[in-house]
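**Student:** What follows is a single structure, and I will ask about it in a moment.
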Amino acid sequence: MRVRGIERNCQNLWKWGIMLLGILMTCSNADNLWVTVYYGVPVWKEATTTLFCASDAKSYKTEAHNIWATHACVPTDPNPQEIELENVTENFNMWRNNMVEQMHEDIISLWDQSLKPCVKLTPLCVTLNCIDEVMENVTMKNNNVTEEIRMKNCSFNITTVVRDKTKQVHALFYRLDIVPIDNDNSTNSTNYRLINCNTSAITQACPKVSFEPIPIHYCAPAGFAILKCRDKRFNGTGPCTNVSTVQCTHGIRPVVSTQLLLNGSLAEEEIIIRSENLTNNAKIIIVQLNESVAINCTRPYRNIRQRTSIGLGQALYTTKTRSIIGQAYCNISKNEWNKTLQQVAIKLGNLLNKTTIIFKPSSGGDPEITTHSFNCGGEFFYCNTSGLFNSTWDISKSEWANSTESDDKPITLQCRIKQIINMWQGVGKAMYAPPIEGQINCSSNITGLLLTRDGGTNNSSNETFRPGGGDMRDNWRSELYKYKVVKIEPLGVAPTRAKRRVVEREKRAIGLGAMFLGFLGAAGSTMGARSLTLTVQARQLLSGIVQQQNNLLRAIEAQQHLLQLTVWGIKQLQARILAVERYLKDQQLLGIWGCSGKLICTTTVPWNSSWSNRSLNDIWQNMTWMEWEREIDNYTGLIYRLIEESQTQQEKNEQELLELDKWASLWNWFNITQWLWYIKIFIMIVGGLIGLRIVFAVLSLVNRVRQGYSPLSFQTLLPAPRGPDRPEGIEEEGGERGRDRSIRLVNGFSALIWDDLRNLCLFSYHRLRDLILIAARIVELLGRRGWEALKYLWNLLQYWSRELKNSASSLLDTIAIAVAEGTDRVIEIVRRACRAVLHIPTRIRQGLERLLL
């Protein structure tokens, strides 16, 4: 009885142990997290890439020799997309923006390429015999300012087509373009040379070259995007909370100018002051106006151009004669300018905590810096801006300290024209601009200022600002301050409870990918948000790339008649190759990971809590993909490597599994092509067994010899059991009971093979029989134990059901009894109260009777 009790207790412990183990396994599996690959997530990283251009050059001018060469650009999108990114904050830095450097290099390349086929003026570096051109002093219109227009009538010898012969020609040069030889500045000097002959290589601009700036849109190739800050008061650096994504920038006019920014974009609300460090006087200050100020420039006199041959196939274009009407000038409305400058002064005073803002002219330097230099109708103007920057603003009194006139009389800027221009691209380069025939008029809008602050340790309340410029990067920076280029990373990894269970052997579809622009609209959504539709996003990448490549090819085909591509053509080729490379790289990674054609791909790589110990709910409900990518960025390479190793191992397992497919059909087992393979395997097995038998026989003989047994030969008989009628041993020695009689060890090679095969078959039969009996016993025990466990669980369920039912009934009975008792007590209390009230008159009467008695 005691044994049976112990057996029953052990059975109960066994059952409870199995149940506990199952619960633990379930709980442990529920907490396991696995790496899952997502394709099409809205994640980006800062990057530097080759941008290409888009422009509507043909709609502006059909001039084939425009210096900006925008005819090689892709046509602009008639319906550009701008997708707002909600709940996204991105850092911008206009002073560390590669787009500015790239635009600067592009514009330099365009200038150099446009001037490359033009005439070099090295043969013109000769002695010029010049005299003053007979001119009169002229009065500038609307300003009553008289100034002498200085030009020199020069004669010089040039080489004709026949190189050993020269001829003398005459031409008019501006006084600013020539200098006396040997620095003789006397008024009586007659020997001159071109100003840049001893320092720069001078190239004459081609006569048909146009300098009219045409808006250029910079576009990102497929796989990249341009982020745009839409904060109306963004100062160019720091975080921006209102971010959108665009494929191309707005149209940027590459206007080369100093001091004043022309034909740019305006601020939407108030004037914006931008500087890398406002307290550092060495840093340029870029002012973006909120209202433009018109500037109208005129060259009233009419030049007559002449063509002079200076060699075989080369010609010099100079001024032959001109009609004198007046000096070149520019007009600006005084009221508009003073109003604008007043707002700028208030803004600067508030930023620097100064009460008085002083504007003064440039302190000196090259003409390009001390004046407002720009191109007007093909001529290069150098205008004196001392009339614009010569005022003082008292912020405390909100008035001009040197009260200016309030009339609307325009401010007239005196302008000089130069034909030999120092190239802004670098030192040692100069350009000769041929004179333009006829009268020149141009109108522009002042949209910004370039200022510098005077230095010193003055702690007073005054601050002085002067016009600056000269570095064209600041001109491009004033337009590109709100853009940055990012590289889209459509591949993302995150932990989930899903694990790749089986190896699929069907064909996989070709993947598409994630749209390089459209899907970024979901960047502010959480990782588990329903708005993140990966399927829609993934279908757009390849079609977007194809469309973009078609546009690039059309632009490149338009240039095939040229002997060499412009800088835009080269960039289009680079963008085309880069887009395909980006797509193929992502597809290669997906293929290596076994995720081709899948937007959500589970893996067998367990998630390591050291990568991120956040809970699954916290990751998918509270974090965006950008935040998640920043958190695991240091471990992305490790995760990718583990996924690759896991997929490699899975492919090996798959290969081994596929190798067993030829045994899937029973008929294949009897295929005649397999017979030779069967025979080979059979021979190998038999040979191995025979060899093993021989080895063990030799080892047995060696062992017997060591024990003192010396067989005469391989025919030595082994002891065999005696019969019951034979005596055990001889008389002298007696016999050992149980000794076997001798049998032959071997009897030829055939007998050896037969014995081995027979023993092998018997051994296999006995072992298989034992194995089958053991397996049957195990199955029987497992079935019995399983059935008992099921019956126990069923009885346990019935027991707890009865207990719950009884408990519920008892609870209801108890509640009913308590309610009944409470109700009876309440009724009794109410009844006694009513009875007491009813007996009040009786008690009063009884009291009165006692008093009367």
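Glycine is no exception: its Cβ is also placed from the backbone N, Cα and C atoms.
Computed from a predicted structure; not experimentally measured.
If you look up Swiss-Prot, you'll see 630-664 marked as coiled coil, on the strength of sequence analysis. The annotation disulfide bond is assigned in Swiss-Prot to Cys53-Cys73, Cys118-Cys206, Cys125-Cys197, Cys130-Cys154, Cys219-Cys248, Cys229-Cys240, Cys297-Cys330, Cys376-Cys442, Cys383-Cys415, Cys595-Cys601. The N-linked glycosylation site annotation in Swiss-Prot covers Asn87, Asn157, Asn185, Asn198, Asn235, Asn242, Asn296, Asn390, Asn441, Asn458, Asn459, Asn462 (among others). The annotation region 'V1' is assigned in Swiss-Prot to 130-153 on the grounds of sequence analysis. Taken from Swiss-Prot, the feature region 'V2' covers 154-197, and the record attributes it to sequence analysis. Positions annotated as region 'V3' by Swiss-Prot: 297-329. The region 'Fusion peptide' annotation in Swiss-Prot covers 509-529. Residues or ranges marked as motif 'YXXL motif' in Swiss-Prot (evidence: sequence analysis): 709-712. Annotation source Swiss-Prot lists transmembrane segment at 682-702, citing sequence analysis.
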**Student:** Quick one: average pLDDT across the motif 'YXXL motif' (709-712), no decimals.
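**Tutor:** Averaging the confidence scores along the motif 'YXXL motif' (709-712) gives 51.
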**Student:** Go through Asn157, Asn235, our glycosylation sites, and report the one whose Cβ sees the most other Cβ atoms within 10 Å.
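**Tutor:** That would be Asn235, with the highest Cβ count within 10 Å.
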**Student:** If you count Cβ atoms within 10 Å of each one, which of the disulfide-bonded residues Cys125, Cys130 comes out on top?
**Tutor:** Cys130
**Student:** Taking each of Cys130, Asn157, Cys219 in turn, which of these recorded positions have a Cα lying within 10 angstroms of the Cα of Cys415 (disulfide bond)?
**Tutor:** none
**Student:** Which one is it, among the recorded positions Cys130, Cys154, Asn157, Asn242, Cys383, that lies nearest to Asn390 (N-linked glycosylation site) by Cα separation?
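**Tutor:** Spatially nearest to Asn390 (N-linked glycosylation site) by Cα position is Cys383.
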**Student:** Could you state the whole-number distance in Å separating the C-alpha atoms of Cys125 (disulfide bond) and Cys229 (disulfide bond)?
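**Tutor:** So the Cα of Cys229 (disulfide bond) lies 51 Å away from that of Cys125 (disulfide bond).
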**Student:** What residues in the same chain, six or more past the boundaries of the coiled coil (630-664), come closer than 8 Å to it by Cβ-Cβ distance?
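**Tutor:** Non-local partners: 35, 37, 493, 500, 503, 505, 589, 592-594, 603-605, 611-612, 614, 623.
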**Student:** Which of the recorded positions Cys297, Cys383, Asn462 has its Cα closest in space to the Cα of Cys154 (disulfide bond)?
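**Tutor:** Looking at Cα distances from Cys154 (disulfide bond), the smallest one goes to Cys383.
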**Student:** Could you list the residues of the same chain, at least six apart in sequence, whose Cβ is under 8 A from the Cβ of Cys229 (disulfide bond)?
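**Tutor:** Listed in sequence order: Glu90, Phe92, Cys240, Asn242, Val243, Lys482, Tyr483.
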**Student:** Check the Cα-Cα distances from Cys248 (disulfide bond) to the recorded positions Asn87, Cys130, Asn157, Cys297, Asn462 and tell me which is shortest.
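**Tutor:** Closest by Cα distance to Cys248 (disulfide bond) among the recorded positions Asn87, Cys130, Asn157, Cys297, Asn462: Asn87.
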**Student:** What is the number of other Cβ atoms found within 10 Å of the Cβ of Asn441 (N-linked glycosylation site)?
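**Tutor:** Taking every protein chain into account, the count is 12.
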